[in-house]
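Record features, source TrEMBL:
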DOMAIN    457-676  domain 'Histidine kinase'
TRANSMEM  6-27  transmembrane segment
TRANSMEM  48-72  transmembrane segment
TRANSMEM  92-114  transmembrane segment
TRANSMEM  121-144  transmembrane segment
TRANSMEM  164-185  transmembrane segment
TRANSMEM  206-223  transmembrane segment
TRANSMEM  235-257  transmembrane segment
TRANSMEM  269-287  transmembrane segment
TRANSMEM  293-310  transmembrane segment
TRANSMEM  322-341  transmembrane segment
TRANSMEM  361-382  transmembrane segment
Amino acid sequence: MENIQININHIWVMTAACMVFFMQLGFTSYEAGFAQSKNAISVSIKNLMVTLVASLTFYICGFGLMFGNSYTGWVGADHFFALGVMSHQDNLGYSFFFFQLVFAATAATIMTGAISERSNFFSNVVGVVFVTGIIYPVFGHWAWGHLFCPEQLGWLRGLGFIDFAGSTVVHSVGGWFAMAGAITVGPRIGKYNPDGSSNQMGLHNIPLVTIGTFFLWFGWFGFNGGSLLRASGDIGLVITNTNMAPAAAGVSAMIFNYIKEKKLDAGKLFTAILAGLVAVTAGSNMIQPDGAVCIGVIAGIVSILAQDFIEKVMKIDDPVAAIAVHGVGGVIGTLCVAPFADKSYLLVENGNRLHQLGVQAIGVGVAFAWSFGLGMLFFWCLKKVIGIRVSQEEERRGLNIAEYEDVVSWLDFMRITRLQDMNVVLEKRVAERTEDLQKANVALEKANKLKSEFLATMSHELRTPLNAIIGFAEVLRDEVSGSLNADQKDFVSDIHSSGQHLLNMINGILDLSKIEAGKLELQYEVFSVEETIHEVLDAIAGSFHKKGIRVRTCIHEDIPPITADKAKIKQVLYNLLSNAFKFTPDNGRVSINAKLINQHIQIAVSDTGIGIRQEDMDKLFKVFHQVDSSFSRRYEGTGLGLILAKRLVELHGGKIGVKSLFGKGSTFIVTLPVKSCASV
């Protein structure tokens, strides 16, 4: 019966080991999907290389250093080349050896992911040898040396340190070594901007990353379940916990990231799920599912915060978030053993949870100091001796081309390079045209200013003699100096009306010049809109009566007093009503309506005049432009009234618009704020 149980144990451990081996497919898919497409082949081959090199290195020396007979609890001293493994049949022999070998390959894979897309192939090979031949097995002996020979304890295990399936031994050790590599090799070209902000790079194939995540999740059932090293009823609890933690981590991360960023982030979701798997690994055999859920929630939230901190504050470029997932996730899981594990599993005296937490903290601290400290020394030496980074040109082209001369990637690179060259040429031409336009704009503004100054000066000089001409014409018209015959009266009347017309045009030019020069100051006061409208109507009532034009007003009672320049508002209304009178035939109608809309007063002046063609609408508010600008036009005007009205309304923070049907009439709508910004 005992032999049957041993054989079943062998079958279960080997099955679990094959599931862990299958995780390499998950890592490959995950990292290839996260990488930029120009590096996907390189990333895939490096993952294959990890399995090759890690298998040989762990066989030659890693297993012996980790599980050989202990030298004072610090390092194993035999079982190199797997010699003597079968002498411990009760401890599963080669089944145990292979199970631990695939664990070592996992630790090495973590490192290659963090330095991918810019590190050269040889540095990855040497890194795998170092982590599986020294870093991982030595620390593993301190915590797990007893697993092969129960009577020998590593010094860390002797303190009571607990790490069931490797949150620290495998994942944090690999994660901190990866951080040393990422710091030494530096960020990818284009990852950080001159101002220190980071750019999203990679994640070119989310479906492939998703497939990789499921492969890893499945393999983790063997990772944790196989760590029991026996087939028993505890397998169900371990695998259940291994499923619940990443589920809780993923959900909590989605909710947290949506609250924080107002969006869902696929990259953060993958990070959280793997961090949940890493965290539950330390105690999946000694916690209940509710504890696994709590650990998953903590790991999910902390891991995405750690990912942002590592990328944006520490400025460490980690393409697959290996540091946040494995380094930080491992710390969380190892520390959570103390509060969440069943008390009977605690190794410190009397099962004191606080004491156990202290021992766990020592373990994670030692793992960081050993793996990161020795990792920094290793990568520094590697950088000085042989170099770890590919050239800038190789990195820009992509490692698919640089390392494997991939034809498809080369064609993609050539196409992208051509587009980039075209963009450079286009950007140069745009910059040149923009500079020319800026120079032309400066010259135009200068000419416009000179024009305004010239018009203001000339208008002032012309207005003085014009006033004299108009005055003399009025004296003659009133027959102060003697009577005039009919022809003389007509001549004098023409002189007076022409002079007045010219004076109105000059006054309009002066006002426009002041507005363009920014020298027209509004004189604000509070006044009644209704009273102002009636004052303007009274001033031009005679003109309406002569043509038999009926005037209708509709002014709502809820209109409050307005704060504005009364004289300028009257000028606007005068111009609009004068136009309505001018273009409305005899016996026509003109209406003026005023109402309050959202703290704005809307004044509409409508007529039944000739209307405006649609193609002529854009001429209305242009200086000196009239719809009919021919010498034989029927209607007089300077072409300044509407543009002046528009500018005056805009100075008050308002706007003016028009609706018109040709042959039916027009409506000009003025909208003014009740209180102008300038008046506050």
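Along the chain as shown, residues are numbered 1 onward.
Cβ coordinates come from backbone N, Cα and C, glycine included.
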Out of 48-72, 121-144, 206-223, 361-382, what stretch is closest in contact terms to the transmembrane segment (164-185), meaning most Cβ pairs under 8 angstroms?
361-382
Hey, which bits of the same chain come close to the transmembrane segment (269-287), Cβ under 8 Å, at least six residues off its ends?
30, 162-168, 170-171, 209-210, 213, 216-217, 220, 223-224, 227-228, 234, 237-238, 241-242, 244-250, 252-254, 257, 295-296, 298-304, 307, 321, 324-326, 328-330, 332-334, 336-337, 340-342, 345
For the transmembrane segment (6-27), which recorded stretch in the set 48-72, 121-144, 206-223, 322-341, 361-382 gives the largest number of Cβ pairs separated by under 8 Å?
206-223
Rounded mean pLDDT within the domain 'Histidine kinase' (457-676) lands at 78
